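Colleague: Sharing a structure below in structure tokens format, with a few things to ask.
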Amino acid sequence: MSTLAKHATSVTPIRLPLNLRCIVMLLVFIAIFAGFQGGRYYFANRLQELGIAASLGLYLLGAWRGLFMLPAADWYRWVMAPALLIGGIMVVSALVFSINYAGNPVYSFFSAREFLLGFLGPGIYLLCRCGMATRDVHSVVWVALVALMLNYLFFYATMDLREVFFSSDHTNSNLVTYDEWRGFRLKPPLFAIMVALLAGLALIAQARSKVSVLGAILVIALGGYIWSIVLYRATLATMALSVILYPIFLASRSRVQLILVAAPLALLAAPVMGHLALNYFLGADGGTIRAKAFASALEHILRHPLLGAGEDSAYGLSYQDIVAFYFYPSDLGLVGTSYKYGLIGASLYLFMHCKIWLALWRANIFHREREGAIQPLIWAMLMFMTAQTFNLILNPGLAYAQGITLGSLALALASLEVVHRPLTSGLDERSSIVGSAVNERPLGSNLS
């Protein structure tokens, strides 16, 4: 009996190590794939809810680790500020709609849940600052972009687009567009595909191995084939213009001076270009209808100029019931955004657009000066954001799920590029948020 007891006490307990790195990378992939609307073709886009959960999981994990490892200023900037921004947008827009149209604020709050995808970027930034390798995140982004393109091509090849277009289910019929020139087209995850195409071009231009060349060719081929299906000419034109202007104005710090020189010329040309664009806009098919929609939207904006109409809901009163006879907000670009969120919301949108673009430009310059080459993903996001700037009035894409995901991810990767060095050491009592708040001692010291 004593022998058995002695043997039992000498047995080494079995340990089950949990590889958090694999779990975190899986969460990053899910958040990116779902945020770029990769799951819109099945389960009524319920995969987006999983992406939101993944984004929140990354954010909470990063906030907890950063609590012990990051300086107080960084922690507040990447934990409290995003929570106030995203939470403020969701709460205020829900309450405003409830006040204006007697809607249910709870329905409106959850109708705006796509803004929760914005926690993806802060989560990635916090985890990378606490030791997670940024290159691993870049690899997952590449995998997610390729997966999004293959996912689109699979459903394009297997889905009956005509049947879906005429479906009585609005969720399904909204997946397909039609015109006489291009026929039936399945809506793609456009932001992801265009970023992948640009990143592939950058990668093949400076590839150092056969694997990189083959990977870049695959990405470019997939992106080019998808564009040949959707034929978004305006998007391609603004992207091409961005790439052309990059070496002239954006490639180095010294080029910024050329912007100051060209600014007066741009101001002089703006009225002429605006007049030509307006004539083209009104002369295109449906131009008169769009002009009336814009005029009607401006009249409605004057009724609630500061905070707008608020966020509607599919389970209660919606824009379809209120203004669908005159216009639909998502079809009117920045004017539609102003109708939904008011002049304050539109101003906040412009501020965040400029903030993300400037962060990408600084990161691109920083990486180029340090490594002697551009970072393909950072450069691709910079070019796409520049293209979005040219089309800002008609397409404020950052206000919707794909744009929220891209903007949040771009801001995080750009900020990490500038910081460059993650904090991989143990707890720093002098600089951690917990140490500075509780007599310079980390919270973990109270648990021992």
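Every residue gets a Cβ built from N, Cα and C, even glycine.
Grabbed the feature section from TrEMBL, which reads as follows:
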TRANSMEM  20-38  transmembrane segment
TRANSMEM  50-67  transmembrane segment
TRANSMEM  79-101  transmembrane segment
TRANSMEM  107-128  transmembrane segment
TRANSMEM  140-159  transmembrane segment
TRANSMEM  186-204  transmembrane segment
TRANSMEM  211-228  transmembrane segment
TRANSMEM  234-251  transmembrane segment
TRANSMEM  258-278  transmembrane segment
TRANSMEM  373-394  transmembrane segment
TRANSMEM  400-419  transmembrane segment
Colleague: Out of 79-101, 107-128, 211-228, 234-251, what stretch is closest in contact terms to the transmembrane segment (20-38), meaning most Cβ pairs under 8 angstroms?
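Modeller: Selected stretch: 107-128, with the most Cβ pairs under 8 Å.
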Colleague: Between 186-204, 234-251, 373-394, who has the most Cβ pairs under 8 Å to the transmembrane segment (211-228)?
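Modeller: By Cβ pairs under 8 Å, 186-204 leads among 186-204, 234-251, 373-394.
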Colleague: What stretch of 50-67, 79-101, 186-204, 400-419 shows the most Cβ pairs under 8 Å to the transmembrane segment (107-128)?
Modeller: 50-67
Colleague: Quick one: do the transmembrane segment (400-419) and the transmembrane segment (186-204) have at least 3 Cβ pairs under 8 Å, skipping pairs fewer than 6 apart in sequence?
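Modeller: Yes, since the transmembrane segment (400-419) and the transmembrane segment (186-204) share at least 3 Cβ pairs closer than 8 Å, they count as touching.
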Colleague: Taking the transmembrane segment (140-159) as the first stretch and the transmembrane segment (79-101) as the second, find out whether 3 or more Cβ pairs fall under 8 Å, excluding pairs closer than 6 in sequence.
Modeller: no
Colleague: Using Cβ atoms and a strict cutoff of less than 8 Å, what residues sit near the transmembrane segment (373-394) while being 6 or more residues removed from its termini?
Modeller: 138, 141-142, 191, 194-203, 206, 234-235, 238-239, 241-243, 245-246, 250, 333-335, 350, 353, 356-357, 360-361, 363-364, 367, 406, 409-410, 413-414, 417
Colleague: Give residue numbers and ranges for long-range contacts of the transmembrane segment (79-101): same chain, 6 or more residues beyond its ends, CB-CB under 8 A.
Modeller: 59, 62-63, 66, 108-109, 111-113, 115-116, 118-119, 121-122, 126, 304, 307-313, 317, 322, 340-342, 345, 348
